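Before any comments, here is the structure.
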């Protein structure tokens, strides 16, 4: 079989995403556009509220702001190109563009994975050790956790991107996926990728299941503490905050585990496409709504910010 030289940066892949395989592509395109606009508006507004309202200048909302930033960037790496490709009827992506998209998607996905674990630790300290909260979660610790997330995610993404893109690829350069990701791209490689697939699996387990184990342990301890709270109001507030986080954790880890931990024989390219839409488009749009709609502090801050910047009080005559 003739090979394509992967070092030829002028060559292109063809992204055959979910819009190409859909029975109603126009409707799906409209839905994706709506979700992207929702993700931009909701995450942008949540970032504005967290950075401008002094009452939200606490570790919990600092980490939530980082999550909103990651979601905003993550969906912007994938969605605009998907929509533009469909509207222009042009699905090509250059070798360099594919490598860049893969790096950014891996980096942002890994950063979100670690951030969710640190957010679970934050809730554990706040509920189980409230008197020491500002000691365990002082600003230096918060910045260290965020920096750790970004650095580890960047290094992992860089290593995987460089190694994946070094393979020679076949002349059939159709990537049957929404974006450039490791599993669908390796299917085009004209070389033995079995050892590297094992490494991808080990990395996926490490980056997903270890933080998920920390999250489960944190919430197990939180549950025991909440059940022994004497105040019904305190118990309700803790459960509301934690249920929002667990909903986000379930959506993200469920999709990522399906894609990177389950063997490829357990899912088809069409299922991979649907899952990729879920964690790159749907989840970033829903995360800020999940965190804000049931959180009185966020909704209160939102009303104050909107009243100050958007809906100024008109003077009475």
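The backbone N, Cα and C atoms fix where each Cβ goes, glycine too.
Features of the protein shown, as given by TrEMBL:
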DOMAIN    42-291  domain 'G-protein coupled receptors family 1 profile'
TRANSMEM  27-49  transmembrane segment
TRANSMEM  61-79  transmembrane segment
TRANSMEM  99-121  transmembrane segment
TRANSMEM  141-163  transmembrane segment
TRANSMEM  196-226  transmembrane segment
TRANSMEM  238-262  transmembrane segment
TRANSMEM  274-293  transmembrane segment
The transmembrane segment (61-79) and the transmembrane segment (141-163) contact flag, 3+ Cβ pairs under 8 angstroms: yes
Taken over the domain 'G-protein coupled receptors family 1 profile' (42-291), the model's mean pLDDT: 87
